[in-house]
Amino acid sequence: MAAIIPENAHAGLPEQALPRWRRAVLKVGSNLLAADGGGLTLRYADALAGFIAASQADGRQVVLVSSGAVAAGRALLRQHAADGSGLAARQALAALGQAPMIALWQSLSARPVAQVLLTHDDLRNRRRYLNARATLRELLTLDVLPVVNENDTVAVDELKLGDNDNLAAIVAALVDADLLLIASDVDALYSADPRRDPAATPIGHVAALTPQILAMAGGSGSAGGTGGMRTKLEAATKAAAAGIPTALFSGRDAATVQALQHGRLHGTLIAAASSRMQARKYWLRHAPAAPGRIRVDAGAASALAGGRVSLLPGGVLGVDGEFHRGDLVEIVDADGRPVARGLSQYGAAEVRRLAGRHSREIDGVLGYSYGAEVVHRDDLVTVGEHVIPGKETTA
Ligand SMILES: Nc1ncnc2c1ncn2[C@@H]1O[C@H](COP(=O)(O)OP(=O)(O)O)[C@@H](O)[C@H]1O
Ligand SMILES: N[C@@H](CCC(=O)OP(=O)(O)O)C(=O)O
């Protein structure tokens with residue numbers, strides 16, 4: 001089991017190459033934003049914002065998942081930590097502190113900042129998942145900085161667990177990120193919680209999140225943070241399954257944050273379980289499909305087989321059976337032979353009405369549009385005898 005490359009405790013944590021990335025999700029914990037145990041401070045956010053700006057200037061895209069609303073709300077009321085520890089109180093504090101938290105990031109960003117509040121429930125619901133994804137994609141296209149936080153007012157279970165780490169991993173898969181960056185107050189995963197065990201040693205590279213590695217993680221060591229290393233490793237597990245590596249590092253160390261801009265990581269790198277393409281392809285190929293299927297004409301069938309194209313309404317001949325927007329559906333040719341599988345942007349009734357139409361007619365036919373594609377190429381995998389070897393369509 002080669003899960004760990006052991007570090008020499010005295011040599012500390014060596015720098016390593018950060019995987020190449022074009023789109024990343026950066027998660028910033030409360031401990032960094034409310035670093036002095038009080039309200040929000042620019043102390044560490046400044047360097048992190050500098051990293052985001054430099055990445056954007058390089059043509060990369062960053063989605064920020066930021067905690068800190070509860071800490072900011074608490075400071076606004078000058079409440080003692082103990083006063084605001086009940087769930088409703090924490091929800092009220094989050095509502096109070098959310099605007100100042102967004103304002104903090106806006107004060108540090110030359111580009112506009114967009115507030116995105118999500119719950120895990122939103123992301124479990126197919127329709128809302130697709131809508132959240134479309135909104136985030138659009139925000140990135142508009143070159144703004146999306147700042148995601150949990151919608152704490154309604155996220156009952158999640159706020160208890162305080163789990164923006166897991167949310168960040170889900171968002172990373174949602175936006176098809178290449179990398180999940182988790183900035184915290186600790187510089188690495190240690191063999192045990194370093195606050196409790198002074199002999200704990202840092203781990204630079206995790207090749208696989210084995211039970212042995214997961215057992216190293218403890219809860220939060222401070223009043224400000226909530227999930228501790230446990231939720232960070234849960235997040236890394238989710239990201240790894242989606243084919244996304246995770247980098248854990250200290251957001252308190254300006255040199256560490258600056259080195260990220262140059263593709264160097266001083267922290268823990270947790271490898272992905274497979275490539276993003278493989279993870280997504282595997283899922284699209286093997287997940288149970290909805291009972292309905294979309295029949296396409298010969299032109300669409302061969303275009304899909306040729307690779308990297310979306311299914312547009314013009315190529316649709318008809319629909320058999322039923323499915324909802326966001327369902328995984330089979331795409332077959334006129335003779336019913338399998339061509340591809342993918343996530344449908346429209347429900348069966350809508351696709352029936354759009355069959356054979358041009359994408360620009362969607363609005364006129366339905367009175368609304370979820371986009372020009374019936375199945376977007378990122379959500380599609382080629383199957384069956386139409387596949388041209390080496391030219392499979394994948395995300
Ligand atoms: N094995 C471990 N390695 C590193 N840190 C750990 C470990 N187990 C528990 N921790 C704790 O996790 C904390 C970071 O998580 P948390 O307090 O939730 O911060 P954040 O607000 O950044 O999410 C560290 O300060 C540390 O005390
Ligand atoms: N949504 C909450 C934070 C929840 C959370 O996961 O906190 P943390 O462990 O500091 O990342 C807030 O904005 O205060």
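A Cβ is built for glycine as well, from the same backbone N, Cα and C atoms used for every other residue.
As recorded in TrEMBL, the features of this protein are as follows:
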BINDING   K27, S184, D185, T226, G227, G228, M229, R230, T231, K232  ATP binding site
BINDING   S67, D152, N164  substrate binding site
DOMAIN    292-375  domain 'PUA'
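Positions of the features from TrEMBL, shown on the structure.
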| residue | record | Cβ within 10 Å |
| --- | --- | --- |
| K27 | ATP binding site | 28 |
| S67 | substrate binding site | 30 |
| D152 | substrate binding site | 26 |
| N164 | substrate binding site | 28 |
| D185 | ATP binding site | 20 |
| M229 | ATP binding site | 28 |
| T231 | ATP binding site | 25 |
Checking your reading of the structure: which of the binding-site residues S67, D152, N164 lie inside a 10 Å Cα sphere centred on T231 (ATP binding site)?
N164
Quick check: in three-state DSSP terms, what is D185 (ATP binding site)?
coil
Would you mind sorting out which binding-site residues among K27, D152, N164, D185, M229, T231 put a C-beta under 6 angstroms from ligand 1?
D185, M229
For ligand 2, which among the binding-site residues K27, S67, N164, D185, M229, T231 have a CB under 6 Å from it?
S67, N164
Do you know the mean pLDDT across the domain 'PUA' (292-375)?
95
Treating G and I as helix alongside H, and B as strand alongside E, what does DSSP give for the domain 'PUA' (292-375) in helix, strand and coil?
27 helix, 23 strand, 34 coil
Name the secondary structure element type, per DSSP in three states, that contains S67 (substrate binding site).
coil
Taking the residues S67, D152, N164 listed for substrate, what is the greatest CA to CA distance in Å, to the nearest whole number?
11
Starting from S67 (substrate binding site), work out which of the binding-site residues listed here (K27, D185, M229) have their Cα within 10 Å, and give them in sequence order.
K27
Any idea what the Cα distance is from N164 (substrate binding site) over to K27 (ATP binding site), rounded to a whole Å?
8
